4 protein chains.
Amino acid sequence: MSKNALKIATIGGGSSYTPELIEGYIKRKDELPIKEIWLLDIPEGEEKLSIVGEMAKRMVKAAGLDWEVHLTLDRRAALKDADFVTTQFRVGLLDARVKDERIPLSHGVLGQETNGAGGIFKALRTIPVILDIIEEMKELCPDAWLINFTNPAGMVTEAAIKHGGWKKTVGLCNVPIGHTKQAAEKLGLTEDDIFVKYAGINHFHWHRVWDKEGNERTDELIDLIYGPKSEAESHLKNIHSVPFPYEQIKDLGMLPCGYHRYYYIEDEMLKHSIEEFKEGKTRAQVVKQTEKSLFELYKDPNLDYKPKELEQRGGTHYSDAACEVIASIQNDKRTNMVVSVENNGTINDLPYDCAVEVSASVTAHGPENYNWGKFPPAARGILQLMKGMEETVIRAAITGDYGAALHAFTINPLIPGGTMAKTLLDELLIAHKKHLPQFSDDIKRIEETQPETVSYVEELMKSN
Amino acid sequence: MSKNALKIATIGGGSSYTPELIEGYIKRKDELPIKEIWLLDIPEGEEKLSIVGEMAKRMVKAAGLDWEVHLTLDRRAALKDADFVTTQFRVGLLDARVKDERIPLSHGVLGQETNGAGGIFKALRTIPVILDIIEEMKELCPDAWLINFTNPAGMVTEAAIKHGGWKKTVGLCNVPIGHTKQAAEKLGLTEDDIFVKYAGINHFHWHRVWDKEGNERTDELIDLIYGPKSEAESHLKNIHSVPFPYEQIKDLGMLPCGYHRYYYIEDEMLKHSIEEFKEGKTRAQVVKQTEKSLFELYKDPNLDYKPKELEQRGGTHYSDAACEVIASIQNDKRTNMVVSVENNGTINDLPYDCAVEVSASVTAHGPENYNWGKFPPAARGILQLMKGMEETVIRAAITGDYGAALHAFTINPLIPGGTMAKTLLDELLIAHKKHLPQFSDDIKRIEETQPETVSYVEELMKSN
Amino acid sequence: MSKNALKIATIGGGSSYTPELIEGYIKRKDELPIKEIWLLDIPEGEEKLSIVGEMAKRMVKAAGLDWEVHLTLDRRAALKDADFVTTQFRVGLLDARVKDERIPLSHGVLGQETNGAGGIFKALRTIPVILDIIEEMKELCPDAWLINFTNPAGMVTEAAIKHGGWKKTVGLCNVPIGHTKQAAEKLGLTEDDIFVKYAGINHFHWHRVWDKEGNERTDELIDLIYGPKSEAESHLKNIHSVPFPYEQIKDLGMLPCGYHRYYYIEDEMLKHSIEEFKEGKTRAQVVKQTEKSLFELYKDPNLDYKPKELEQRGGTHYSDAACEVIASIQNDKRTNMVVSVENNGTINDLPYDCAVEVSASVTAHGPENYNWGKFPPAARGILQLMKGMEETVIRAAITGDYGAALHAFTINPLIPGGTMAKTLLDELLIAHKKHLPQFSDDIKRIEETQPETVSYVEELMKSN
Amino acid sequence: MSKNALKIATIGGGSSYTPELIEGYIKRKDELPIKEIWLLDIPEGEEKLSIVGEMAKRMVKAAGLDWEVHLTLDRRAALKDADFVTTQFRVGLLDARVKDERIPLSHGVLGQETNGAGGIFKALRTIPVILDIIEEMKELCPDAWLINFTNPAGMVTEAAIKHGGWKKTVGLCNVPIGHTKQAAEKLGLTEDDIFVKYAGINHFHWHRVWDKEGNERTDELIDLIYGPKSEAESHLKNIHSVPFPYEQIKDLGMLPCGYHRYYYIEDEMLKHSIEEFKEGKTRAQVVKQTEKSLFELYKDPNLDYKPKELEQRGGTHYSDAACEVIASIQNDKRTNMVVSVENNGTINDLPYDCAVEVSASVTAHGPENYNWGKFPPAARGILQLMKGMEETVIRAAITGDYGAALHAFTINPLIPGGTMAKTLLDELLIAHKKHLPQFSDDIKRIEETQPETVSYVEELMKSN
């Protein structure tokens with residue numbers, strides 16, 4: 001890197017997140033010698049691209065910078081000679097997420113965008129697209145870094161590195177950022193005062209915390225965050241913050257991530273989701289509303305800064321993390337960040353060539369992972385299950401093999417096996433027909449032989 | 001081995017299975033130079049020991065053999081100088097199994113004697129006892145082979161080898177025997193005509209089948225047993241034979257074992273078990289009845305052979321497998337059997353020092369495992385989860401750590417996490433109080449602070 | 001397999017070993033329904049092929065069998081529809097072996113046909129040829145078993161399996177056969193009375209021995225074979241039988257193979273070889289003489305059985321082992337044999353996809369390895385070095401990379417590094433120019449810039 | 001850490017290196033709140049301790065610091081409540097090193113203080129002592145960090161961590177420091193401009209280099225340092241700088257460390273050492289002279305700074321590295337350093353629980369290793385051999401097992417096997433009798449049965 005005139009291309013540039021990304025660049029203007037920012041989207045996203053793109057231009061201008069902001073539907077033009085490519089696209093837009101969530105919930109099964117049936121289908125739709133993009137990158141910008149924050153970030157990153165062969169891929173997530181802030185706050189320290197070390201896979205990692213005196217504070221934090229005295233408070237805010245079982249977390253000896261709730265306290269999480277479903281307030285439905293309001297705001301020709309409302313969107317810090325990774329690579333800053341990268345033995349319990357999410361020092365030549373080693377059995381086994389499931393999903397996404405997809409459903413701990421797995425799989429295939437060309441034969445078979453599946457999906461989606 | 005005057009001791013000699021064991025020895029009388037058979041039981045089992053022991057004596061006599069059959073409550077006497085020690089004891093007798101099954105089912109959760117909450121509690125009760133026995137064996141019969149068929153056979157065997165340090169332990173199960181018979185039958189071949197290779201852990205293994213022409217027949221068997229045409233028949237007999245999802249098994253590329261139903265088609269299995277529960281016909285309840293009738297039969301002073309009725313007991317072939325292992329060790333027969341033994345890298349995906357259930361050639365110096373190597377990801381991950389769970393259970397059994405037990409519950413795929421896991425754990429601790437001295441502090445705490453837990457268990461057990 | 005009309009093709013059919021092979025088939029005539037035996041050689045070997053081939057026909061006829069024996073120079077005709085392909089060719093014939101041995105020894109460095117510089121060069125010449133053969137097999141006999149006993153058998157087998165992709169390859173060696181016979185003899189037992197388990201790589205393996213009473217006899221054998229009392233005798237026969245250092249072997253706790261002498265007692269072995277070199281009696285020179293006499297014998301039109309003299313050739317039992325592997329596959333005999341096959345985790349200390357030499361039960365679908373697990377550090381490290389060296393040689397053989405070849409020389413424990421390694425490498429490249437097309441550029445460079453290298457080789461070879 | 005009044009104890013405080021250590025502390029006086037420095041030595045070293053200790057006091061005083069400098073022969077007093085313990089002792093003083101080098105060289109075999117027979121014997125003498133020290137530390141300063149730079153640093157560190165159970169051990173070496181300086185210099189960059197990543201074991205590691213633009217510069221450095229054009233210069237200075245074989249290093253793709261010369265170009269190194277031996281100028285002999293002069297200098301009551309002459313001693317930077325590790329732990333500086341620590345999977349090719357020498361970020365809670373992963377086969381195998389050899393040496397050091405020691409000699413690539421290994425082993429045992437109590441039985445046996453061994457050693461040592 002260390003070029004003087006950076007070109008950064010963003011796939012899915014019409015996203016409501018774009019202002020955070022632009023703000024992140026502006027904050028780092030002294031570190032990032034940007035010349036061109038390319039915001040790319042697909043025809044269906046043209047209007048949003050135009051709204052948010054114009055706002056991006058206003059933000060850059062207001063910051064007194066001469067960066068070029070290009071809005072385009074031409075992917076080749078966006079990728080050509082890019083130094084960094086960031087991805088924040090959503091195949092099928094938010095409507096696809098609505099289906100990912102509502103179809104499983106209609107059967108009383110968790111549908112969640114990165115976990116369970118929803119996450120699997122998001123992977124099935126996204127992986128072929130990221131592999132396509134990589135094929136173009138090989139031709140148009142063979143030295144670029146790919147910064148992925150499209151979910152499910154772990155599986156997409158693994159597909160990019162292992163199957164696309166793009167070693168210069170870094171996957172990002174905002175979840176660790178939140179946990180680090182929380183740890184510092186609970187200990188009454190600044191983030192600089194602690195060393196937090198994460199390991200696992202995307203949305204399924206644990207962390208340990210040390211202070212500057214060299215003392216490990218993990219166990220104390222378990223008490224502070226999940227102990228008997230802490231529960232009362234966190235209870236009140238949101239059922240999502242259902243407390244983890246304290247004794248189990250004590251036994252674990254590491255701090256879980258928020259998404260572990262789906263696995264450690266599945267029942268409570270499911271109950272909560274079903275309520276949301278019944279009220280027509282699944283996450284996707286809520287987000288759709290938020291996005292609508294955001295784009296209304298973005299239309300204001302006087303708005304030239306990231307509005308506070310964006311933070312309610314969730315996923316905050318994501319884009320800022322992307323900017324920090326870019327700045328750290330560009331300047332060899334060696335920032336301690338949490339990234340999804342090739343394992344290469346960082347976690348001994350997982351395959352050498354899979355993607356893991358771990359703490360790393362981000363250098364000019366990419367992340368240098370801090371070695372983790374082995375997990376204790378109670379954490380190891382369930383992590384290995386999740387990775388085996390992910391690998392099966394990726395295989396299904398690439399081959400379009402129905403049996404592989406069913407197998408992934410069967411072993412996913414959030415999906416009941418047997419008849420239910422097959423029902424859900426068939427309905428989601430029908431629902432996402434347009435974005436799953438690799439499964440076209442099986443979708444045709446279902447359409448022809450299971451009319452009840454087709455009508456179930458149609459009915460359900462009407463009620464949206 | 002190759003001694004001329006064998007002493008075989010059986011822990012839990014008062015079991016209804018004993019006649020099968022005796023029959024197995026008699027069938028192999030030319031291979032087994034038995035001098036003494038010692039049947040050991042605890043005071044609570046004295047009556048059953050007396051009944052079945054007398055019958056054993058009649059069987060030996062009817063066979064024209066001069067073997068001594070000793071009935072005793074003195075464990076040291078039974079173990080003293082034994083060449084083989086077989087274990088078939090059940091801590092807490094069948095009443096404990098009733099609790100293992102009925103408490104979870106009363107909450108709509110699977111309780112099964114080797115899987116789920118039931119299996120975990122059977123392990124918590126049994127492991128301290130097997131470790132006690134081993135301590136005595138070190139003193140009294142340091143060269144003996146320990147042939148374990150006490151369930152959960154995998155965890156008990158791992159505890160014996162890894163924690164007890166008794167390397168000469170072989171765990172046995174009848175499940176593979178049935179699958180081998182089935183494979184031969186479906187292919188229209190004899191068992192000698194096929195080579196069946198198993199790998200996994202107890203009640204969670206897969207197998208592949210080859211014929212004498214060197215062709216692998218696994219895929220064909222998947223079609224024959226689980227294919228669309230096969231389902232109709234197996235449907236009718238018993239809901240337990242709920243068909244596996246054909247496409248998933250095809251994708252797996254290996255034959256599952258019957259117990260995989262609990263994991264691959266959990267919903268259907270759960271529904272069936274709940275029905276049995278409601279009808280007061282859980283497996284333990286049925287078995288109690290069967291046993292009662294068996295012991296009535298055994299009382300008949302004219303009965304000197306294994307009655308046909310024993311086969312309905314389930315678990316048939318178990319004891320015969322034990323006899324064959326003994327004969328194969330004694331005579332270096334090198335029989336190809338499926339055994340629970342130390343992994344030592346046979347399955348690369350599992351810890352080196354854990355117990356696995358694999359095909360082996362049983363030699364005079366014990367089983368020589370056929371190398372298996374690695375599993376494909378879809379099978380690998382869920383197998384690794386089960387092993388991580390098992391290791392956590394064993395740790396809980398040895399330390400009596402409540403957090404470890406809760407952790408095992410939380411990650412067990414048959415037990416919902418969160419509040420339900422804790423509820424079940426507490427109730428089962430109360431129910432099995434007598435046989436869980438290592439948990440006495442926590443049991444006392446529950447008794448003192450959760451009277452509703454105590455009364456729930458009491459009420460439920462009354463209704464048995 | 002289990003075909004009724006087998007076709008067996010032998011690459012290098014003009015070898016002096018062929019009569020042993022034919023005898024092996026004849027001994028197993030009831031197990032092997034042979035229809036055609038094809039003996040293939042290259043034009044340079046046509047005369048030998050004709051002599052030994054006619055003798056093979058006489059042997060078959062004398063046995064009263066109607067097998068067709070075909071002699072051919074047409075590889076495609078030999079391979080077409082073959083069921084088994086055995087390889088015993090030697091690229092460059094015995095003259096190449098003379099160079100492999102004499103060039104290193106002229107510098108006081110061990111040259112040995114499977115170890116050291118000689119073995120490396122044999123691999124460099126042979127691997128491209130075996131890969132060529134496999135390409136033809138893919139077209140002409142895609143279901144055939146490849147039984148390799150061309151040295152260095154380990155590296156050739158690894159190249160065939162890993163780089164050629166021919167999974168149905170079995171490498172064979174006669175060394176374990178001799179050690180098993182020795183173990184039985186020393187214990188006063190028959191071979192059937194003991195269970196011998198080997199593990200390592202070709203010409204670098206160890207073994208352990210058990211008897212039918214289940215007792216391990218390894219340590220006792222170490223005393224019997226290498227102990228203080230045993231040495232005197234073995235001393236006298238042949239300096240090649242230089243005793244291993246007793247205390248080291250005791251510490252090892254396993255029985256070494258004869259070739260370990262080159263590594264464990266390098267000095268003594270080197271001294272002996274240098275003496276042989278000075279007397280013009282290197283192994284290759286001796287063997288050339290033996291072969292000459294053998295072919296004189298074979299010309300006798302009345303000779304229709306394997307002459308006793310063949311046993312002096314060394315390498316006896318090799319062909320018989322090949323016949324036994326074929327018979328065991330054909331009949332699912334499950335013979336316990338020592339074979340070079342894909343590791344697949346049999347030895348945990350070596351790469352999963354490399355070739356290892358281990359004990360296996362040879363079934364109709366090929367060898368089922370007995371799991372070995374891990375070695376203790378003192379054996380593990382040196383074994384791993386040898387494998388790393390082998391992998392480097394194979395890479396050099398395939399790519400023709402000079403640096404890779406030099407690297408292999410540098411790390412081979414029998415070759416001094418630095419200037420000497422380079423000198424030897426260059427001289428051997430010049431000497432074997434004709435058979436190393438992959439190194440042609442570097443050979444040309446040496447010819448052009450190092451005339452002294454060329455003339456050294458010429459002079460040395462004159463003196464042969 | 002982060003205490004306000006540090007106590008640092010140095011075992012072997014009478015060493016000529018001590019002034020560098022003191023200088024290192026003084027340079028970091030703002031980072032190190034030192035209260036007490038304890039210099040410990042044994043009675044034989046009392047005079048040197050007094051000389052160098054007084055000088056240390058003068059240095060501290062000249063720096064205007066109020067640190068207490070204690071000189072003592074009482075180990076318990078030195079260890080009591082220490083925060084850091086550094087070790088620089090030499091069991092048997094330099095006279096032992098003379099024997100380590102001269103005995104092997106008298107037979108034409110490399111004797112080197114960390115490699116070959118010399119290194120093995122230094123380990124055999126040192127490991128029992130470090131384990132003794134650790135036992136006292138458990139009692140007297142259970143929270144202290146042990147900073148070891150006693151050679152062979154890798155084996156001593158592994159013994160401390162794995163066998164002593166002292167996890168807070170960091171081994172140090174000055175070799176990487178020199179290579180990093182060299183890399184920066186050759187590239188015309190500062191050390192801050194490059195990222196150098198090391199992996200391997202002590203005195204047997206490789207490194208790769210990147211610049212701030214993210215480009216790997218390793219291959220370029222191979223050309224600059226070992227390429228055809230570079231050789232001329234480095235040739236001239238010192239035969240020790242014999243060039244590595246360029247093509248092999250190119251194939252390796254990593255930069256070797258200086259000590260690799262003993263393995264990659266053994267012949268040339270051996271020749272050079274034999275010359276030194278003949279001239280009575282083995283390294284130990286030269287160092288003895290240097291030390292003598294140094295202590296003469298140190299006696300000067302006006303000398304209150306580290307004299308330039310110390311740098312000729314070799315081993316420069318060692319002590320400074322120790323000071324930097326202490327400062328980095330004390331202040332959570334996260335300096336990127338090369339340390340010997342527990343592997344924990346950092347290098348996948350080596351045992352999980354062994355010691356490795358790798359790049360790490362040194363935090364308040366100790367080194368966080370950068371993950372390395374796997375080596376290519378050509379480097380992997382020889383590294384694994386060295387580790388297997390080290391593990392065997394450590395076992396011999398702890399158990400005093402003669403067979404284990406002979407086994408270590410046999411597999412060490414710098415020691416010829418067979419008779420020579422035994423001869424060397426016996427002579428060195430005799431020579432170091434006083435410092436090898438664990439081998440006393442075997443030493444007695446040799447004395448009684450091999451008088452020629454005893455007299456050989458006596459004669460040789462006379463000629464020193």
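Even glycines carry a Cβ here, placed using N, Cα and C.
Unlike curated records, TrEMBL annotations are generated automatically.
According to TrEMBL, the protein has these features:
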{"type": "BINDING", "residues": "B:Arg97, B:Asn151", "note": "substrate binding site"}
{"type": "BINDING", "residues": "B:Cys173, B:His203", "note": "Mn(2+) binding site"}
{"type": "DOMAIN", "residues": "B:198-415", "note": "domain 'Glycosyl hydrolase family 4 C-terminal'"}
{"type": "SITE", "residues": "B:Glu113", "note": "site 'Increases basicity of active site Tyr'"}
Inset, instruction - Indicate whether B:Cys173 (Mn(2+) binding site) is helix, strand or coil by DSSP. - result: coil
Inset, instruction - Quick one: average pLDDT across the domain 'Glycosyl hydrolase family 4 C-terminal' (B:198-415), no decimals. - result: 91
Inset, instruction - Would you mind reading off the Cα separation of B:Glu113 (site 'Increases basicity of active site Tyr') from B:Asn151 (substrate binding site), to the nearest angstrom? - result: 8
Legend entry - Under 8 Å by Cβ from B:Arg97 (substrate binding site), counting only residues of that chain that are 6 or more apart: B:Arg90, B:Glu113, B:Gly118, B:Lys122, B:Arg283, B:Ala284, B:Val287
Inset, instruction - Express the distance between the Cα positions of B:Cys173 (Mn(2+) binding site) and B:Asn151 (substrate binding site) as a whole number of Å. - result: 9
Inset, instruction - Specify the count of other C-beta atoms within 10 Å of the C-beta of B:Cys173 (Mn(2+) binding site). - result: 28
Legend entry - Same chain, 6+ residues apart, C-beta under 8 Å of the C-beta of B:His203 (Mn(2+) binding site), given in sequence order: B:Thr114, B:Asn115, B:Pro152, B:Ala153, B:Gly154, B:Cys173, B:Val175, B:Cys257, B:Tyr259
Inset, instruction - Please report the number of other Cβ atoms within 10 Å of the Cβ of B:Glu113 (site 'Increases basicity of active site Tyr'). - result: 21
Legend entry - Surrounding CB atoms that lie within 10 Å of the CB of B:Asn151 (substrate binding site), all protein chains: 24
Inset, instruction - Specify the secondary structure state of B:Arg97 (substrate binding site) as given by DSSP, simplified to three classes. - result: helix
